[in-house]
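Here's the structure we're looking at; comments come further down.
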Amino acid sequence: MNTVGTPLLWGGFAVVVAIMLAIDLLLQGRRGAHAMTMKQAAAWSLVWVTLSLLFNAAFWWYLVQTEGRAVADPQALAFLTGYLIEKSLAVDNVFVWLMLFSYFSVPAALQRRVLVYGVLGAIVLRTIMIFTGSWLISQFDWILYIFGAFLLFTGVKMALAHEDESGIGDKPLVRWLRGHLRMTDTIDNEHFFVRKNGLLYATPLMLVLILVELSDVIFAVDSIPAIFAVTTDPFIVLTSNLFAILGLRAMYFLLAGVAERFSMLKYGLAVILVFIGIKMLIVDFYHIPIAVSLGVVFGILVMTFIINAWVNYRHDKQRG
């Protein structure tokens with residue numbers, strides 16, 4: 001697997017992530033089971049975005065010093081594009097979490113605890129998926145065509161899909177988990193497991209955590225191939241992906257109260273997936289530069305938010 005990642009870059013990335021996670025977990029322990037306020041969510045979102053951009057700047061500077069601008073510029077652009085793709089696709093993941101918490105009636109104060117472990121699990125699972133994907137691409141480059149076709153299909157499916165939280169309990173996976181886990185009927189404070197009559201029982205909070213992890217894996221199947229369309233370098237794919245999901249918990253609490261105001265977002269994300277799928281399928285005929293890909297993704301997001309604002313304005317005017 002060809003990569004610009006040196007031991008210094010890998011080590012620096014690991015240290016930054018470890019320190020930030022330690023700070024986040026320490027603050028979580030001090031606050032206990034309290035919901036993150038909108039102000040705190042906005043502050044943490046800004047911290048994670050700023051940290052990601054600073055890392056990319058340091059990454060670019062390091063490559064300028066060691067490889068030159070000809071290498072540094074496209075690699076830094078690849079990181080930024082991958083980060084933007086993952087960050088935008090992660091919003092749909094957040095909306096699924098909202099449906100899960102709503103369906104299982106998880107109090108806001110306990111949602112934070114679930115998401116702490118959910119994000120930690122996502123880091124481990126995505127790291128495994130990215131290195132596996134990088135190895136497969138290095139051995140079988142035709143897999144990129146499969147990724148492209150899959151993203152094209154997923155984009156169309158996303159645009160046509162109708163999300164309904166009322167059927168979550170009837171999903172085969174949920175029924176299977178409930179049938180195979182010894183589980184209580186009610187949430188017991190912040191506990192994932194409780195003891196009754198000497199036996200260990202999972203609580204519904206544990207079921208929600210499992211579903212949060214599985215939903216992230218499902219979304220990673222979309223987002224990780226999307227970043228491979230930009231670069232196959234495992235260092236850039238992993239760092240851009242993990243920096244994007246590290247801010248997911250803060251993003252969740254930032255968007256939780258206004259999710260219904262983003263009705264058009266899934267269509268914008270669907271267009272992004274279709275564009276990336278086409279980019280992967282035509283790579284042998286025409287190579288779309290990274291800067292163009294970044295511009296297209298950013299442009300689609302801007303247009304989506306403009307259309308969304310217009311739709312919200314029309315709805316508010318009709319209600320008003």
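Along the chain as shown, residues are numbered 1 onward.
Any Cβ shown, glycine's included, is placed from N, Cα and C.
Per Swiss-Prot, the feature topological domain 'Periplasmic' maps to 1-6 (among others); the stated evidence is sequence analysis. Helix, strand and coil counts from DSSP across the topological domain 'Periplasmic' (1-6) read 0 helix, 0 strand, 6 coil.
For 7-27 (among others), the entry in Swiss-Prot reads transmembrane segment, with the evidence type sequence analysis.
Annotation source Swiss-Prot lists topological domain 'Cytoplasmic' at 28-43 (among others), citing sequence analysis.
For 44-64 (among others), the entry in Swiss-Prot reads transmembrane segment, with the evidence type sequence analysis. Proximity of distant same-chain residues to the transmembrane segment (44-64), defined by a Cβ-Cβ separation under 8 Å and at least 6 residues beyond the stretch ends, is recorded for 4, 8-9, 12-13, 16, 20, 36, 71-73, 75-76, 79-80, 83, 239, 243-244, 246-247, 249-251, 254.
Within the chain, the topological domain 'Periplasmic' (65-89) has long-range Cβ neighbours (under 8 A, six or more residues past its boundaries) at 4, 6, 52, 56-57, 59, 219, 222-223, 226-227, 230-231, 233, 236-237, 239-241, 243-245, 247, 268-269, 272-273, 276, 290-291, 293-294, 297-298, 301. Per Swiss-Prot, the feature topological domain 'Periplasmic' maps to 65-89 (among others); the stated evidence is sequence analysis.
Feature annotation from Swiss-Prot assigns transmembrane segment to 90-110 (among others); the stated evidence is sequence analysis.
Annotated transmembrane segment per Swiss-Prot: 114-134 (among others), in sequence order, evidence recorded as sequence analysis.
Swiss-Prot lists 136-156 (among others) with the feature transmembrane segment, giving sequence analysis as the kind of evidence. With a threshold of 8 Å between CB atoms, the same-chain residues lying at least 6 positions outside the transmembrane segment (136-156) that come near it are 1-2, 222, 225-226, 228-229, 232, 269-274, 276-281, 283.
Feature annotation from Swiss-Prot assigns topological domain 'Cytoplasmic' to 157-198 (among others). Across all of the topological domain 'Cytoplasmic' (157-198), the predicted model scores a mean pLDDT of 77.
Under the heading transmembrane segment, Swiss-Prot lists 199-219 (among others), citing sequence analysis as support.
Per Swiss-Prot, topological domain 'Periplasmic' is recorded for 220-225 (among others), and the stated evidence type is sequence analysis. The list of residues near the topological domain 'Periplasmic' (220-225) in space but at least 6 beyond its ends in sequence, with Cβ under 8 angstroms from a Cβ of it, reads 85-86, 89-90, 122, 125-126, 129-130, 133, 147-148, 150-151, 154, 237, 241, 273, 280.
Sequence annotations record features per position, and here Swiss-Prot assigns transmembrane segment to 226-246 (among others).
Positions annotated as topological domain 'Cytoplasmic' by Swiss-Prot: 247-261 (among others). Residues 35-38, 40-42, 44-45, 47-49, 52, 87, 90-91, 93-95, 97-98, 108, 111-112, 115-116, 118-119, 122, 308, 312 of the same chain lie 6+ residues outside the topological domain 'Cytoplasmic' (247-261) yet bring a C-beta within less than 8 angstroms of a C-beta in it.
The transmembrane segment annotation in Swiss-Prot covers 262-282 (among others) and is backed by sequence analysis.
For the topological domain 'Periplasmic' (283-286), the list of distant contacts is 144, 148: same-chain residues at least six beyond its ends, Cβ to Cβ under 8 Å. Swiss-Prot lists 283-286 (among others) with the feature topological domain 'Periplasmic'.
Residues or ranges marked as transmembrane segment in Swiss-Prot: 287-307 (among others).
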Please check if the transmembrane segment (262-282) comes into contact with the transmembrane segment (7-27), where contact means 3 or more CB pairs closer than 8 Å and the residues in each pair are separated by 6 or more positions. no
